[in-house]
Amino acid sequence: MLDLTNFDRIRIGLASADHITTWSHGEVKKPETINYRTLKPERDGLFCERIFGPTRDWECYCGKYKRVRYKGIVCDRCGVEVTRSKVRRERLGHIKLAAPVSHIWYFKGIPSRMGLLLDMSPRALEKVLYFVSYIVTNPGDTPLFKKQLLTEQEYREFRDKYGTDFQAAMGAEAILQLLDEIDLNELAAELRQEIRDVTGQRRIRAIRRLEVVESFRKSQNSPSWMIMQVLPVIPPELRPMVQLDGGRFATSDLNDLYRRVINRNNRLKRLLELGAPDIIVRNEKRMLQEAVDALIDNGRRGRPVTGPGNRPLKSLSDMLKGKQGRFRQNLLGKRVDYSGRSVIVVGPSLKLHQCGLPKEMALELFKPFVMKRLVGDGHAHNIKSAKRKVERVRPEVWDVLEDVIKEHPVLLNRAPTLHRLGIQAFEPVLVEGRAIQIHPLVCTAYNADFDGDQMAVHVPLSAEAQAEARLLMLSTYNILNPKDGRPVTIPTQDMVLGIYYLTIERPGARGEGKAFRDVNEAILAYESGVIELHALVKVNMGDGRLLETTVGRLIFNEAMPPEISYINKLVDKKELSLIVDRCYRRLGYKRTAELLDGIKQLGFKYATQGGLTIGMNDIVIPERKKEILGEAESHVEMIEDQYRRGLITFDEKYRQTIETWNRATELVTQELLNTLDRFNPVYMMATSGARGNIQQIRQLAGLRGLMADPSGRIIDLPIKANFREGLSVLEYFISTHGARKGLADTALRTADSGYLTRRLVDVAQDVIVREIDCGTDEYVEVGDVRDGTEIIEMLQDRIVGRTAARAIVHPETGAVIVDADEEILEEAAEKIVAAGIKKVAIRSVFTCKTRHGVCKKCYGRNLATGRVVDIGEAIGIIAAQSIGEPGTQLTMRTFHTGGVAGEDITQGLPRVEELFEARRPKGQAIVAEIDGLVEVREVKGRREIEIRGENGERVQYAIPFGARLKVQNGDRVEAGDELSEGSVNPHDLLKIKGPAAVQQYLLREVQRVYRMQGVDINDKHIEVVIRQMLRKVKIDEPGDTEFLPGSLVDILDLEEENRRVEAAGGSPATSKSVLLGITKASLATDSFLSAASFQETTRVLTEAAIKGKVDPLLGLKENVIIGKLIPAGTGMNRYRSVEVDPAVETPAKEVPTH
């Protein structure tokens, strides 16, 4: 077996026949599998014990040797080695092929590697390999030329004419001979010369051929290894055969495919021994080739081989591919023991760091711990009797269980786990019943509710795992959301409503204006019924000042930490969030957890005491509604009349009608808000942020308003009724369009958003904080992000928690606000904005020079903790989750914007995808390529723009029909400016203005989509992904470097190679920046394991094998695949080598657990 600790890279290559034979434990000669009577494997068959090892531990086939004491002996009767049966998962067999066959990956892949090496078209190659045409291998003294194809007829004619002067053959043997004759060094030199001499298509073809030749040269692979003479047979446990109830067998498809190969191979051997006619042998060889093709990649060429019911059989390639393939099913996601799942219910009495675990579940999960403790405490003599006690659930077991779970955190996970807050650690509390109890405040992070959601529980076993769960994953440490650094564990719904009710004031309430000596007296007066909860009273706060406040606010402030000043205002959800944030920043995790529990108790208590429920009478319909709608109707009739008389067009009529109804809806809403009492529960729920919004109240008590039809166009007939009055049939029908579209959209959105997250994770997974400072001099200047005149994101939000690249000085006083290389804190950011500074130079992930990751200075603050990021933090994954998780909230398809003549602009999720995949946008804007003056003119009925540059150069652009211009005659433009409305093609921008402009453009556009939906994401997450999209450059002229023209190379690799060449006096390579979409960037990574487990598995592995690629195992994914600890967090080498020195004794300190 692999020893996972002592290797740090893994290489893939082509295997020669000798390699395969040395790895193999024996040749599979027969197609038999298992004897149906004895149910034992047949000798020399596909499950043979002599080749693959015994089916039972320490027992040979014939039963002569049983028991572990014969370990390692090979039985003299049956030839089976006495060993563990699990060797049947790792021992390889082989089939010696009677004729060479080609490997379909290298012949059929795009581009065909064999075809490029031999300079043959894939079609010609196919004719030779499948015995349709002959190929000349040695023309001798004839007018034929090497690699010329001959049909059967031509071959016969030339044979008659020239006899044995030339050699021609067909099948894989002929190709094998040609591949053996290739001199790679000579061919490489010829191709380099050709690249210098020719242009156009021929040059491109030469470059592609040189790439393959160089791959073979560097990897020490021989081209002839693409033709197989020995076929490996994978271990039998990986292609199992099991007996079903009815005595029938269920088997893996691979066994069928191997059986076909063995049958055809044995038939071919027999035919060759018999000296059968050429045509029969040829047919058998072709069938063998096809059988091997089907085994390796069924369906790649021709029709796939099907099993019962016309189902294509799953070949070796299919075993690796897709969600059910080896990579994604077994290597990246495994089943976990010590886990369970159950329905969740609310546990309002739990503390923030606790969860309620059902007793039966806890007993099963902690079974080994309980058994060990039972033996240790003397309740049982040995493990066996302890196990019996647990299974029979004796009374003493419960006491031991109570003891065992103390201080032993468990992990709770809710699918879908969209971000790191989807798994958190809690201390379990045993509860009756069979449902897991969840603290109400962690529901937001999990996006959980109690309508039947289920959650999974996992038990961390080792001491290290428990320590990590407690110190890093405990729910009290997950108060901030990693995507924007704001609190995510904040009271919601009934708690918000309760606090709102508690802190609201009611003018004229009983006891208003009374004064009290201190807080206690005021509360006593309330409890005695002298004053009401909401009455404004004066209270002496102990420092001599009388404060006008309400008893409710006094009670609320009792729950506040003394360090936070008295909160004397109506507290809604926003205010609560600010309070939690302030408490966390000033007082830390523990005190915030206590505060949250306090607010939770108060909220529930007063929501109950206030009796805040909804009844029909709470929905009050405004009296003026009829009047307002009457006025609107008469106005619409007037517009209709104008249209009939031909005074306005249909479009104008439509637009004016919609404006009229919108105005009417707005008036009704205003009336409604004026009508509702401030203590009306419906109104309170909406204004406090507990549930619902004004729009929903409007539909309940006002009117439903305008609706959209299936295409998204607004129907100009509004629904005048509201839900309290009830809808007519027509009104109900109109409103179903939107409802159905909403449901369909949600379903699509979830899938699309999940796929986007997967691609983002893949592109950024190896971005880890690797060092403190990369030492770069480069920086990025940031200011407010604007969309026209509207500010999308303010300067202050953009610079908090970032590192200043240069000292930031007050423009008037000259005082230094922040030093260079220092973190910009909240107070400093406020000072910077107050000083009127509009642009700030900060360190950014964009300009970080750290290899395979980023440095602490360029990244800045870790938003999940509010402190500077630690080395080893997997910020790439966090970035991907932060962008992907809100993706589900973004709307789908395109919006029809009123007024723009039929122009759709892509918005929401599709726009984010378009940006990250660097696609050409729909409705593309024309971009100026040079600086100069604009002239708009009409030529032959079409408009065009001409830009006249300073030095006389002119560029013309044709304007597509219906495009709206952003510039006018005589305007001055700079390169990169948009000339027409629409989205800019990022590739054009990269060509014209360079990488920095593209980075800022993509950042701005992605932020714009999220901000429109009211989602806040910190810039740095988007920067991490964009940086990964711009990692590569395309080589123009390789100079004296090792690179090939047109190849994609990492920027840092290019700089390093250029330095090496220049030091040796050579000429460096020149290159141009390229922008890769996230899918392309993921596949262009250094790690072939990561790329293969993402998409296009066979293509990635084919290329990697030919290049003999080495995977340096730097990312997370490739380490998960081979089962090593990930090189992030506590899995980093710098943390792994820490050893505890027991020599120094320190007195134990009492550590309170929450």
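Heads up, the Cβ atoms here are built off N, Cα and C, so glycines get one too.
The 10 Å shell around the Cβ of CYS60 (Zn(2+) 1 binding site) contains 24 further Cβ atoms across the protein chains shown. As annotated by Swiss-Prot, Zn(2+) 1 binding site applies to CYS60, CYS62, CYS75, CYS78, with the evidence given as sequence analysis.
The Mg(2+) binding site annotation in Swiss-Prot covers ASP449, ASP451, ASP453. Reduced to three states, the DSSP call for ASP453 (Mg(2+) binding site) is coil.
Taking a C-beta cut-off of under 8 Å and a sequence gap of six or more, CYS858 (Zn(2+) 2 binding site) has these contacts in its own chain: CYS774, THR776, THR803, ARG843, SER844, VAL845, THR847, CYS848, THR850. Taken from Swiss-Prot, the feature Zn(2+) 2 binding site applies to CYS774, CYS848, CYS855, CYS858, supported by sequence analysis.
For ASP451 (Mg(2+) binding site), the nearest of the binding-site residues by C-alpha distance turns out to be CYS855; the candidates were CYS60, CYS62, CYS75, CYS78, CYS855. Look at CYS858 (Zn(2+) 2 binding site): DSSP puts it in a helix. Of all the Cβ atoms in the protein chains shown, 14 others lie within 10 Å of the Cβ of CYS62 (Zn(2+) 1 binding site). When the C-alpha distances from CYS75 (Zn(2+) 1 binding site) to the binding-site residues ASP449, ASP453, CYS855 are tabulated, the minimum falls on ASP453. Of all the binding-site residues listed (CYS78, CYS774, CYS848, CYS855), CYS78 has the fewest other CB atoms within 10 A of its CB. The Zn(2+) 2 site is defined by CYS774, CYS848, CYS855, CYS858, and by the 8 Å test on Cβ atoms against their centroid, the other residues of the chain that qualify are GLU771, ASP773, THR776, ARG843, VAL845, THR847, LYS849, THR850, VAL854, LYS856, LYS857, TYR859. For CYS60 (Zn(2+) 1 binding site), none of the binding-site residues have C-alpha atoms inside a 10 Å radius of its own C-alpha, out of ASP449, ASP453, CYS855. The binding-site residues shown are CYS62, CYS78, CYS855; of these, the one with its CA atom nearest the CA of ASP449 (Mg(2+) binding site) is CYS855. Cα-Cα distance from CYS62 (Zn(2+) 1 binding site) to ASP453 (Mg(2+) binding site): 54 Å (rounded to the nearest whole number).
In the three-state DSSP scheme, CYS848 (Zn(2+) 2 binding site) falls into the coil class. Ranking the binding-site residues ASP449, ASP451, ASP453 by C-beta neighbours within 10 Å puts ASP453 at the top.
CYS855 (Zn(2+) 2 binding site) and CYS78 (Zn(2+) 1 binding site) have their C-alpha atoms 62 Å apart, to the nearest angstrom.
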